[in-house]
Amino acid sequence: MAKVNLIESPYSLLQLKGIGPKKIEVLQQLNIHTVEDLVLYLPTRYEDNTVIDLNQAEDQSNVTIEGQVYTAPVVAFFGRNKSKLTVHLMVNNIAVKCIFFNQPYLKKKIELNQTITVKGKWNRVKQEITGNRVFFNSQGTQTQENADVQLEPVYRIKEGIKQKQIRDQIRQALNDVTIHEWLTDELREKYKLETLDFTLNTLHHPKSKEDLLRARRTYAFTELFLFELRMQWLNRLEKSSDEAIEIDYDIDQVKSFIDRLPFELTEAQKSSVNEIFRDLKAPIRMHRLLQGDVGSGKTVVAAICMYALKTAGYQSALMVPTEILAEQHAESLMALFGDSMNVALLTGSVKGKKRKILLEQLENGTIDCLIGTHALIQDDVIFHNVGLVITDEQHRFGVNQRQLLREKGAMTNVLFMTATPIPRTLAISVFGEMDVSSIKQLPKGRKPIITTWAKHEQYDKVLMQMTSELKKGRQAYVICPLIESSEHLEDVQNVVALYESLQQYYGVSRVGLLHGKLSADEKDEVMQKFSNHEINVLVSTTVVEVGVNVPNATFMMIYDADRFGLSTLHQLRGRVGRSDQQSYCVLIASPKTETGIERMTIMTQTTDGFELSERDLEMRGPGDFFGVKQSGLPDFLVANLVEDYRMLEVARDEAAELIQSGVFFENTYQHLRHFVEENLLHRSFD
């Protein structure tokens, strides 16, 4: 089937006035290949050229004024090819001096008694405006050239095309295209939305702020609705082929295992286990996200599920993003299972004969549980009968990597885990097809981490506080943003310099260094020494952000903390507070921006990862929250997942109703269905 367009044009781009082969090349650099692409190339922002009352204008602000010329323009030249044009306007009985630099040609355009509109910076004291643009009115009415003066669209452009040119070309295209409605009359009426014709014309050429808001709302809903149609359709397709073998686990053995644990499960952990067990008994594959704050006990929940699979005769796999984390998981699971399960570790460091034996044991079923990095998805890793695949910190893996692991078994159940609590808005979008279990309770006996913020000049005082903890027999982390010094970031501390400084302060043998450039063996050696209390202070980059578990560590210093986002800071902070001892986190930062100050303030106010994730999303946006490529999110042109989260929920409900009821597959939705199928359904946003 040919590509289905919802916007159709009788012309190609080359047939539009003003577009030749050179312009085509520039447009293609902007990813504009067809007239449809041009019409959907929306402005990134709007210049508000609304004429302002000078009595209300703030000093040194950018304003737009309209007045009558009462002195002839005068041009003075100075320097090398520089000029200054001066003209006086009467603006509502206020005499205003207008200055235009390096625009001498305006002298021929500006006439006495002419009404003009000027945009520029206002000097209230001098009653003077430094103009950067002027619009000419013809006998008191706006010319076509100035038709967009009030709300002027601004597009992302490249060298070879000007704003006015792309505006004119879009105006041409809109006059000739046929626009098929993307939403039904029923939906538009239900949510008071506009037609797509009105919406696109208004987004490109708004006549008022009110019209622009209505158009933006309609287009945002449309984007979210199309995205959710895709998500719901994929979900339907996946479930239709998601037949699974019921996992007939031995509940008595599972209960006995839980009773033998050296601690009592929290209610949140029990609830999550029950939700997962219900999925395992269902006739379709499990797709569940288990999210919990740092230290909330997700690994124990995973362990119980793995044990259940073992009692049913199935293997389990756990894939994590780093070797350090894989080793820690393997160590903790071996301790939990004892002799009841055969746990193996597979990373890139496992080679030769050891790897060969491990793979043989995996294929013949001797290994019950395999833990590892992306090494698990290699072709020669063959399971005997894997029934459960768990991916930890799943947003750090691409969709393809996660899918390859899942395909290791014919009817494998899938559990994703994350210690980065997903904001509700992103959970709906990225994991809309999954069920979500959340652990918001910390294990009994844990004390909230005391977080404080200190300026750089207070470093010595922080060092004394850390020394006090070390004297109690505790351990500490010191985190830096850089491995080595950078000429571009001279004011940012680097981990090597701080490591050497602390070695002089505490002694060489008491301080360890960890960063991403070390080999796997070197990292293992350092972590082993820290875990065994051979090292008191670990100086590190964010390589310790996830999973590292040393209960005796009770102090964390994060240097240049304003260089990190809220979620990263919270993950780092979660490396302490993993015992019943009081833990401390000190943020050393002298932020120069409002955002940096806000992050430091928020971190000292709450230790709730779910609250922090929402604030982080608000501050950074969805693309930066996960990293654009890993988020699974499309680049919405108008919709904003933070501002439009209620709209997202409505769009999801409407899409789910259409797909699940089967109405979407009737003739009424034929055009829209073909569009989603041909343009969106199998598109990867990864």
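Cβ coordinates come from backbone N, Cα and C, glycine included.
Checking the ranges 204-207, 392-395, 472-475 against Swiss-Prot, the motif 'DEAH box' annotation falls on 392-395. Cβ-based neighbour count (10 Å, all protein chains) for GLY292 (ATP binding site) stands at 27. According to its DSSP assignment, GLY297 (ATP binding site) is coil.
In the three-state DSSP assignment, the secondary structure recorded for GLY292 (ATP binding site) is strand. Across the residues of the region 'Wedge domain' (50-149), the predicted structure has a mean pLDDT of 85.
Secondary structure of the region 'Wedge domain' (50-149) per DSSP, as helix, strand and coil residue counts: 11 helix, 53 strand, 36 coil.
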